[in-house]
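Annotation source TrEMBL lists ATP binding site at Gly54, Gln55, Thr56, Gly57, Ser58, Gly59, Lys60, Ser61. Marked as domain 'Kinesin motor' by TrEMBL: 1-337. Residues annotated as region 'Disordered' in TrEMBL: 125-146, 213-234, 336-356.
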Amino acid sequence: PSWCAGRQELGAAHYALVLLVYGPADSQGEVFGDVRPLLTSLLDGYNVCVVAYGQTGSGKSYTMLGPPAKGGAPPSDAGIVPRAAEELFRLIAESPPPRPQVGVSVVEVYNNDVFDLLAKDSRAPGSGARRGLPAAAGDGRKEATTPTCEAVGSASELLRLVRGGLRRRATHATLVHEDSSRSHLIVTVTVTTAPGPGVSAASLLLPHPAAGAGRRRSACGPARPPDPAGRAERASAQLQLVDLAGSECAGVSGAAGSALREASWINRSLAALADVLGALAERRGHVPYRNSRLTRLLQDSLGGDAKFLVILCVSPGQRRLAQTLQGLGFGARARQVERGPARRRPSARAGEGSTG
Ligand SMILES: Nc1ncnc2c1ncn2[C@@H]1O[C@H](COP(=O)(O)OP(=O)(O)OP(=O)(O)O)[C@@H](O)[C@H]1O
């Protein structure tokens, strides 16, 4: 194909449906240039989600994280996660005090189980030992458990935790990709406001009911409602950065045994994600979020009020044409979803308490 770069904006003023196409010569920095404004949105109080989707080996992990750490790659190859961390703390440093607090959690969805990659009881990195989060109650409630969320004070601290989590992520060699991710990775960054005028600093340290033992709670947990005087006690916005496992055709990837089971769960969960997007696009009354752990974890971003960005990774190779078309079909479906304006929470920046 002739690679084109263009910007298309559709619909009424409150929809921002933008399509950008990057070619092989476009750098990681150029891709991040279009993600960067979402970090400002995050500090302005919007939830944000960035998802990389594509066939196995098409460049999702490279786009989100950069090349594997073992290669000693130059900083210019860094992916969206490290760049977003740097940008977030740059923006925070420019904000007037009191500065928002930042927490990070890292989970993977592997064979439809959710694993907490920052859990303190995980064994040595690379041992493959990960702590599973117990399944949520099957009574229609949302995910009942929350993963470890660590408070961080700098981009390097945040990235150290992400890298530690990555060492526990499930990867295997397949015929298509020797270092294939066999799980969906979700890095969640929570930005929480400091207390506003008249709210005691101690209130920030109250444990949130959903918080688990040992968690550093002050930087994590959902926003609380305003007090009777209308002051937001604290407000938080979330950035979810998602490196999906690759869709694959078992015949092409050579999967067998446990790898075949993994591939089957990957394809099932990606199909569940596509089904959710289809239901949202058609504005169906029932959206099947509960068909997979992946869609349940992303439910707030998919059907809620987040700013949602899908990055489709496709191979230019002709041999991958069927998978490429399948990926483009997923992207087309995602673009049909019209959810109305993203909702702004009380801002994570000091002194900005409005909603919009
Ligand atoms: N834009 C790029 N420039 C240079 N190398 C790249 C680029 N994109 C991907 N690669 C390389 O291609 C290989 C596959 O990329 P990557 O691991 O990101 O694929 P993936 O889509 O995450 O695969 P899987 O779903 O199997 O995990 C890696 O060696 C990666 O470093």
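Note: Cβ is positioned from N, Cα and C throughout, glycine not excepted.
Within 10 Å of the C-beta atom of Gln55 (ATP binding site) sit 25 other C-beta atoms, taking all shown protein chains into account. The binding-site residues considered are Gly54, Gly57, Gly59; of these, Gly59 has the fewest other C-beta atoms within 10 angstroms of its C-beta. Ser61 (ATP binding site) falls within a helix when secondary structure is assigned with DSSP. Every protein chain considered, the tally of other Cβ atoms within 10 Å of the Cβ of Lys60 (ATP binding site) stands at 25.
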